[in-house]
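Asker: Can you keep this structure in mind? I'll have questions shortly.
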Amino acid sequence: GLWSTIKQKGKEAAIAAAKAAGKAALNAASEAL
């Protein structure tokens, strides 16, 4: 249904945001070295 689609999109967005945050943290850490 519509609600499960919304939940799926939200989960995908959360995963994408977490990956982006992790990548940014890695970049910041490598530049700090």
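Quick reminder: no glycine exception, Cβ is built from N, Cα and C everywhere.
As listed in Swiss-Prot for this protein:
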{"type": "MOD_RES", "residues": "L33", "note": "leucine amide"}
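So where do these features actually land, and what's packed around them?
Answerer: In three-state terms derived from DSSP, L33 (leucine amide) belongs to neither a helical nor a strand segment and is classed as coil. The C-beta environment of L33 (leucine amide), restricted to residues of the same chain at least 6 apart in sequence and closer than 8 Å, is empty.
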